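Peer 1: Attaching a single structure in structure tokens format; questions to follow.
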């Protein structure tokens, strides 16, 4: 903590808040939230704003082929692995003003604070906005970070289409064409440490009156896309006994999933958030239904066991419909880096912020970064735990707290020697 | 039957079939069916084709303000009420080649046959293509005939929007702009008799080896639009016990509707054909669900009783969601005109076609015309009873049979004296 005291660095909380509110204008919804989906015009706009602000202190923007945006504050040793901080700019279609963008703007504030300080930087500090964390326009989410760490193939990601049959590939090319000065590099580079600030999206910090959560890990998640195929028929003429109604089969499946899995214990989360019916007209017996299934649990054994039950139940209650169950994400629970968690706790305590460990119930890009480098997350409270909704809210004092702790952790990392053998292994 | 024999009139079955197949090209789908929805570009195209063909024998096209298209073959007495025959040109999004368009093209064939014959016509004979019978793009269906008979308000109909927020009013204005020579008249005029040929959309004629069905009536129908409003939440963080998940509430409702109503007896039909989820993304607990409900039964007492049960069950199983149940259509079972049914039976028998009475399980525009004038329907078989599907099929010989019986019934009506007191009461 001496070094933190020695340089007495502080972020500018007002500037950070004003930039957050300016970002909230990009894709602002009538309901007070944000609709800034992955690779949309609104996200282009947010990129442009961020790059414009970065000119104030000469942070260098660069992008990769999966649409991750980076801002580099150069350090003394270009061979040393950078410290990576940030989150994502994309939102849910009816999302809030903090989810993702808080982490990106906090990282940006750290860059500006360091750039205008005398603190020596043996390493680059890089802020990142990952591509498509949310997974609402293109499923699954966290494509940017997964491709970055080499866990998912760029070509596969490019082939995924949104509801209007626009592929990630097409959307990326449109995005790149809007930024002709930025040449997309091949995704992925070695990282010294990754730290992601985020709103909690739960109520534990708020209930405990804590400003800072040290995230212990992320609960495991399984996601699926399920398709039920029946036979269309005339609503007035086809006898009930002869129907192969895909929507009625869905209803039966959903009720049994809820009963056997959704009520398994207090920790489990089962969500069917997306459903499309074909042909979806009032007087035709539904021919097909496609739906998403999202299952989460902190205990990997339970997650695996209930995951097997998912397929079993869908098969059992599909009536006369044909079934396809396609797993999209298999992400077991993980633990974040112990040293980084220790730094976060110490830095929070040093600033006098009440701090506690929390498990993240939501998924984050840090889940994938943790597979490549020491990673951690800093949570701040959000009102009533509400997120993925237009009335999501975080208090300015908590935004300042989260960014201040991030600054101190980065300062701590910057004051550590770069090992002689550390070289970029790109 | 003497008069039928005297003039020895016959339709041209080949010409009728060729025109039906030409119509099937307008909006043809890859699956062999037709997508020619109400007031679409494809329906414009079908109108244009019909008007073009009508020039061959000087039938006069005219339209009304709700988008019904008529072709008039003038009779001797312009004050006498016309005989109205036809059906609709719009299709389901994945519809077949016969539903609706068979009736319109059969009527058209009758006009041409009469125009080139020596048979005196004391009355106009008018072919009609009703606007939006299907109700798939704009709900509910049969808007054109309902407004024609004065059972629904034009302004209300114009305000209904499709999934892309295009209103019937806007779509009508676009349609009218494409036909500047046709000035829309105020909907509705007195009619002497209405006869609608249609495929059965069921299997009774096929199973009984009958070419002609004399439709006794149309089974009763209740339709609703239901909206369930819950609260959105994050799929990973919101505890199951705190959720107000609109899609899970729907599933519970659907299972109970199926159990308590869908399995009530062998005649009942319960269909949820249309469902939309908000915001409809994988990682957000559904905030709202809107769905259609279509309930049919030939017995009005059963229909009424089960209809009351619908609202009761939806309320009972809506969980913590807010519920809105809006009735769209209340159409009790009806009986078609006995004289017309008698003519159809006699004309079919006279031509040697096996004929039987059938109840229509599907709704048709004739349901509404029957509220204004003597009305009837002529059914022909369709393969396996399949309709509202791309593989819907009718045999050429049955198409010819249906049109031939329609011709003979119209000839029968034309040879009856116009009562001295019959004047247009427009």
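Glycine is no exception: its Cβ is also placed from the backbone N, Cα and C atoms.
The shown structure was predicted, so the numbers you read here are calculated from the model rather than taken from an experiment.
Sharing the features that TrEMBL gives for it:
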| type | residues | note |
| --- | --- | --- |
| BINDING | B:88, B:99, B:198 | Zn(2+) 1 binding site |
| BINDING | B:99, B:134, B:388 | Zn(2+) 2 binding site |
| DOMAIN | B:217-316 | domain 'Peptidase M20 dimerisation' |
Peer 1: Of B:88, B:99, B:198, which is closest to residue B:388 (Zn(2+) 2 binding site) if I measure between C-alpha atoms? They're all binding-site residues.
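Peer 2: The answer is B:99.
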Peer 1: Within 8 Å of the centroid of the Cβ atoms of B:88, B:99, B:198, which other residues of that chain place their own Cβ, given that this set defines the recorded Zn(2+) 1 site?
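Peer 2: For the Zn(2+) 1 site, the extra neighbours are B:87, B:98, B:100, B:101, B:102, B:103, B:133, B:199, B:364.
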Peer 1: How does the domain 'Peptidase M20 dimerisation' (B:217-316) divide up by DSSP, counting helix, then strand, then coil residues?
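Peer 2: Its residues divide into 37 helix, 35 strand, 28 coil.
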Peer 1: Cα distance, residue B:88 (Zn(2+) 1 binding site) to residue B:134 (Zn(2+) 2 binding site), nearest Å?
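Peer 2: One finds 9 Å between the Cα atoms of these residues.
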Peer 1: Suppose we call a site close when its Cβ is under 8 Å from a Cβ of chain A; which of the binding-site residues B:88, B:134, B:198, B:388 are close?
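Peer 2: The binding-site residues close to chain A are B:134, B:388.
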Peer 1: So, three-state DSSP: helix, strand or coil for residue B:88 (Zn(2+) 1 binding site)?
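Peer 2: SS state of residue B:88 (Zn(2+) 1 binding site) = strand.
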Peer 1: What are the non-local neighbours of residue B:88 (Zn(2+) 1 binding site), defined as same-chain residues 6+ apart in sequence with CB under 8 A from its CB?
Peer 2: B:100, B:101, B:103, B:104, B:129, B:130, B:131, B:132, B:133, B:134, B:144, B:365
Peer 1: Might you list, by sequence position, any residue in that chain lying six or more from residue B:99 (Zn(2+) 1 binding site) with a Cβ less than 8 Å away from its Cβ?
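Peer 2: Residues satisfying the criterion: B:91, B:92, B:198, B:199, B:201, B:387, B:388, B:392.
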Peer 1: Using all protein chains shown, find which of the binding-site residues B:198, B:388 scores highest when you count other CB atoms within 10 A of its CB.
Peer 2: B:388
